[in-house]
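Notes to accompany the following structure.
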Amino acid sequence: MISQMLLRTHEKKTLIVAFLILLAAAFVPLSNLLLAESNPLHIPGYLVPLLGKYLCYALLALALDLVWGYCGILSLGHGAFFALGGYAMGMYLMRQIGNRGVYANPDLPDFMVFLNWPELPWYWYGFSHFGFAALMVIVVTGLLAFVFGWLAFRSRVTGVYLSIITQAMTYALLLAFFRNEMGFGGNNGLTDFKDILGQNIQAAGTRASLFAATAIALALALLLSSAIVRSKYGKVLVGVRDAESRTRFLGYRVENMKLFIFTISAMMAGVAGALYVPQVGIINPGEFAPANSIEVVIWTAVGGRGTLIGPIIGAILVNFGKSIFTAAFPEFWLFALGALFVATTLFLPKGIVGTVEQYFARRREYKAAGETEKTYQEDKAAALTATTASPQAAE
Amino acid sequence: MYRAIQTFLVALCLLVSCLATGLRAQEDIRPLVDALGVGNFPQKVQAVNALAASGDPKVAEILQNLSDGKLFAAKNGGPIYLAGDSDGSFVDVLTGTPVADAPGNLTKIRLNNSLRGAITAAMSQLTLMSPDRSARLAAAQDLLRDANPDNLDLLNSALAEEKDTEVKNTMEAVRAVILLKTDASVAEKEAAIEMVASRGNRDALTILKAALTSAPVELKPEIERHISSIESSLAVWDVAQNLWYGLSLGSVLLLAAIGLAITFGVMGIINMAHGEMVMLGAYTTYVVQQTVAAVAPGLVDYTLAFAVPMAFLFTGLVGIGIERSIIRWLYGRPLETLLATWGLSLILQQSIRTIFGPTNRQVDNPSWMSGAFDFGGLSITYNRMWIIVFSIGVFIALLLLLKRSKFGLQMRAVTQNRRMASSMGIRTPWVDALTFGLGSGIAGIAGVALSQIDNVSPNLGQNYIIDSFMVVVFGGVGNLWGTLVGALTLGIANKFLEPYAGAVLGKILILVLIILFIQRRPRGLFALKGRAVEQ
């Protein structure tokens, strides 16, 4: 009964991918912890946080795809939400260090002692509780996205203008977090974490659990996104993407629809950041760099925007490539990344998943019609004459 | 014969007495020198001052050796030794003769910052009599900041011999400062106050403020009057200086953004590789400079005359190449163009890094662009001034090109209505390519200018790209005046915020203000109106 309900609200392939991710959530930790190192299925300890990192990126790309692929908002500032979520989690992890820091101050993180801060600033209150920090991951990112989106969408800032001001937003945050006076560790950011929820953050068991948590979060986010885009609201959202003015004139409140999806997406990005920080062990202002946000866009584009599976595949593929490339030929990575940007936009505008889907959809059409190869050729010829006859139609 | 012997004897006596005085002088300062080796840092500072006040000609050398870390002393005091040329050998500080029986437990006399400061001040007193004019001036200016009543005699003798007006003025100011510190008569002090106040700069203000506390009661209102008048005139000059810095920053922004405004305005595409065009222009300047230095060293001062057209041509051609190979396939898809050009910018950056290396390249200022001059209370550097002039020149040239030339007419036609322009027989793809080339070429010229004030590194473009976007978005597209107003406004606003908020916070504030401004006017200050906008 549950499976029927799921099938009603989701596409089959989304469910398959979500299932695969959940399978990974079970398999990777178990293989790492239980299998002997000689076993070919054993996943070595260093790989677990790396894979977890890829899944965090996949979640971030999925969040971006919700606004870009389904609503046409190209945000060049999603890295900011990711980093903010990361900082919220980082603050919790900082508070967990307690008096085990270099200065052994039980009340203040090391960098505050170093800067001679007399007491904890008010915005650090509460971050010693995991629940509060987790709440802040969603609240802070959601609030920023809401305020920013409320201002931007209401005054109909669209297209490249919106992209540029999202970039300005993340750039401003980058500069702000570099300042020591902000109380977020300045240039060095937050690092040297010890515990999460009472567990040693370096322990294999904790890392495996973090991976599982990330995979589960990704699967849930995928199902949530799928539910959103397959709902009536999701359909109208695609309308906004393709013809904003027309949708508005049909009587929909375009601003509110954009604002909702933008806020949801920002929260997802924040969660991705919060899961990312304990696995890599550091968060610093560099995460706000505009270049990072643009890189997320290319993951999404490579995988295929406007498909929910695409960004996940894209993020994992590109980052896997990056890991291999930067180890083998470090100086060529930027060439490869740049070429990827150019090639994807020129030759693969729908991304991997989009192109594959298109191919299968076309084949299905012909099969369904029961056509032979001969009629396919005829069809093509007919299409060609139709194009030459009316150039306007082709345009 | 008797007379000859007498003369000889007299000469001998004279020589001996001379030697004796010389020896006596050396022996006089020896305790002063030896005092450098004992006690804590404040005591050593006193020792340095006492040594300087002795006026002995050897003092400068001794102090130099002290600051070079070449003086050694035993822990428990005793004589000071100077490290010899070979390792472990010592010579006498005053005579320079080798010392054979130096004790074994000598350690270097350590310095701290206040001791270093005392040494510098003492050295500048001693250089007041130097034959070199600039050395005397520097010494007098040093003393002005750190005037010591002990120096009054020295200063008076230096003043008596000084011929140069500027040095003399400075010395008199020092004298006035010293007088204010001592218990001179009220009349003398009044003259001193007038003297200091007439300088009217920030140093004078500090001096007067310090003098206010110790001054006689009858002089206090006088000092206060001077302080307030200096403060108000300084405030005016501060505003002027900020305005100047703002103009300078604005002109740099204008240069960087104007090419972007053209490509964005005409073709509706965002060129993320624009910053890299600026960088290519800067590297062209570097290459041209190296070539000129190798081929015709006499023409080094005219490097920029070659660099500007070369950079324009080179980056322009690169731009046309980019447009023909990539961008023309993406028309009508501005977001994809943005991504493709970003990818391109990564490739260009990495290419330059591979060819020239990741470090900064040195581009020299020509002689007519180095240095600075004072204009009232303003300090104006030549390179900043020329860049303002240059950017205005580029702006006017572009304006003329757009308004007066056939190409400009076609460009404006395409901007306003692409299809209609096409119907009228304008080859719009050609106009697009040339426009992109023009925008890139202007970026290249901006690179030439930036190479004069900024580091020429592969990241040069990245530092300007976001600011350039802000200018374009703020000013609005399709109108060069928008870019001009946008660039100057942002430049000046930035520099006026800096003193209050700090450089970084000021920049953040500007970004936030622009984000808020875009909400009010989504298409910038000078927005295009009419049907063209919705396309």
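Just so you know, glycine gets a Cβ as well, placed from its N, Cα and C.
Predicted automatically and left uncurated, TrEMBL annotations should be read as such.
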Margin query: According to TrEMBL, transmembrane segment applies to one of these ranges: B:201-219, B:334-352. Which one is it?
Written below: B:334-352
Next item on the list: May I ask whether the transmembrane segment (B:302-322) has at least three C-beta pairs under 8 Å with the transmembrane segment (B:469-493), counting pairs 6 or more apart in sequence?
Entry: no
Notebook entry, point to check: Taking 3+ C-beta pairs under 8 angstroms (sequence gap of 6 or more) as contact, is the transmembrane segment (B:243-270) in contact with the transmembrane segment (B:385-402)?
Noted result: yes
Item checked: For the transmembrane segment (B:334-352), distant same-chain residues with Cβ under 8 A (at least six beyond the ends) -> 268-276, 279-280, 283, 322, 326-327, 458-459, 461-462
